[in-house]
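Data block below; observations after.
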Amino acid sequence: MLRWQTAGESHGEALVAMIEGLPAGVRISTDDIVSALARRRLGYGRGARMKFEQDKVRLLTGVRHGLTLGSPVAIEIANTEWPKWTEVMSADALDHDLPREGRNAPLSRPRPGHADLTGMRKYGFDDARPVLERSSARETASRVALGEVAKQFLDQAFGIRTVAHVVALGGVQTNPDLPLPTPDDLEALDASPVRTLDKEAEVRIIERINEAKKAADTLGGVIEVLAYGVPAGIGTYVESDRRLDAALASAIMGIQAFKGVEIGDGFLAASRPGSQAHDEIVVNADGRIDRLSNRAGGIEGGMSNGQVIRVRGAMKPIPSIPKALRTVDVLTGESAQAINQRSDSTAVPAASVVAEAMVRLTLAKYALDKFGGDSVAETRRNLESYLASWPEHMR
């Protein structure tokens, strides 16, 4: 069983991520993780923090000479700005009082759309600092690091590869008639400032981001993650909590600021008659079972069906808005403008990298549930044995 967990605060000394249940023999390096984290910092419309935020990575446990050991893998991502925050974020009690100004000024004006107010109520804080430190999207760096480990495992054990791109941002839609990107397009997508292969839409999206920046506003959008090479039969219809589509939806919705998710044609399928909403089964020229379309997004009955898995997520505009919204100062009870932490005009391109990591982690878990072994070699043999058990025309 694959399990993962993250720990750490946005301005704490470090983020820590751990993944347990990974087979022995997965090739992984510190450089792989550093490269993945660099992709998370890409994207037009990012704030000043991305310019100086560097990710210093250490593989602490579970890896020896570039190969996983089968024991828990722990990763540390150090905060290079920690010297500025040592007292404000000190784990130990201080022997002196800090002035309530600058970095230690009380954050008593919660931001609409953020975890601030409800977090303060839930945990009994009179300051939003403890809430925003953990609820910050900085935490996603941990998940991207773990997602890189999952990426290497999926590719090496199963030949599963993923890619993510932006399909809408700030109300600008990319052309749905363009071919879907493949993992071979990763370099081109990373080179795009808004992570799309649609050059016409790219220009219009950049214009929208510039407009939002001038207006001191923020923009949301829609991303899509595609998974290639997923064998049929991952997940199950037997119990609702073991359905693959349910797990993927949960993984995407667990990303900060995501408010919607769909598999395949999703909400569009709801407006079609049944005769135009499903993927007809045919025998192709090679005498094998095939499909005429992929409206289901590679998942039927809670199981992967062998086609490309398509998952989309909708991200709301970032609630840390330079043009601050109205709120209440919880210390005075008076109307006020919300606090404005350093933020981006949009983080949709970067969020696609996070979403890709979450899809990888979910697929790794479910693939291990089906084919798991103690080593990559054993896991691969289990997959090959499973596929060989099918009749020739069903492979």
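Cβ from N, Cα, C; glycine included.
Residues annotated as NADP(+) binding site in Swiss-Prot, with sequence analysis given as evidence: ARG40, ARG46. In three-state terms derived from DSSP, ARG40 (NADP(+) binding site) belongs to a helical segment. The Cβ of ARG40 (NADP(+) binding site) lies under 8 Å from the Cβ of THR140, ALA141, VAL144, ALA350, VAL353, VAL354, each on the same chain and at least six residues away in sequence.
Take the CB of LYS316 (FMN binding site) and look out to 10 A: across all protein chains shown you find 15 other CB atoms. Residues or ranges marked as FMN binding site by Swiss-Prot: ARG134, SER135, SER136, GLN256, ALA257, GLY301, LYS316, PRO317, ILE318, PRO319, SER320, ARG342.
As a summary of secondary structure, the region 'Disordered' (98-120) carries 8 helix, 0 strand, 15 coil according to DSSP. Look at Swiss-Prot and you will find 98-120 tagged as region 'Disordered'.
Long-range neighbours of the region 'Disordered' (98-120) within the same chain, counting only residues 6 or more positions beyond its ends whose Cβ lies under 8 Å from a Cβ of the stretch, are 84-85, 87-88, 126-132, 135, 316, 319-321, 325-332, 336-339, 341.
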